Amino acid sequence: MERTYLMIKPDGVQRNLIGEIVSRFEKKGFTLIGAKLMTVTKEQAETHYAEHKERPFFGELVDFITSGPVFAMVWEGENVIATARKMMGATNPADAEPGTIRGDFGVQVAMNVIHGSDSPESAKREIDIFFDSSELNEYDKVVNRWV
């Protein structure tokens, strides 16, 4: 079963959006197998955003993601990566469709509420940055027969 890493960023946590966002993924039929409220360390942030290291906004990304708690999650389900990307909406909330998380709640590119893995490789890498394997729970849900 495919897994993805999703993170509600500090702006989403501060705006009390955790429940709303988790509910959307649960209603879609995905299974939450790991979750925690945490403060991202500078080392984790730099590893997570390593692909942007040479970009002028790298420091701002690291500062923002370490500025307050995030809600880190691992979700499992059929096509969860692509579906989560659609549910999140465009990176720039101004371009995100209404009904998507960023379209409904995003304020600006820097504060766009949520991060989600963009590929199976990214998902594995990001899950390994933020979770120990002992923090992930595999279980069967009766509802899985219906979704």
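Here the Cβ of each residue, glycine as well, is placed from N, Cα and C on the backbone.
A 10 Å cutoff on Cβ-Cβ distances gives Lys9 (ATP binding site) a total of 23 other Cβ atoms nearby, all chains included. As annotated by Swiss-Prot, ATP binding site applies to Lys9, Phe57, Arg85, Thr91, Arg102, Asn112.
A coil conformation is recorded for Thr91 (ATP binding site) in the three-state DSSP classification, outside any helix or strand. Residues or ranges marked as phosphothreonine by Swiss-Prot: Thr91.
His115 (active site, pros-phosphohistidine intermediate) is surrounded by 20 other CB atoms, counting those within 10 A of its CB over all protein chains shown. The feature active site, pros-phosphohistidine intermediate is assigned by Swiss-Prot to His115, with sequence analysis given as support.
Summarising the annotation, Swiss-Prot assigns phosphoserine to Ser122. DSSP assigns Ser122 (phosphoserine) to a helical segment in the three-state reduction.
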Whole-number Å only: compute the distance from the Cα of Asn112 (ATP binding site) to the Cα of Ser122 (phosphoserine).
19
Once the chains shown are all counted, how many other Cβ atoms turn up within 10 Å of the Cβ of Ser122 (phosphoserine)?
16
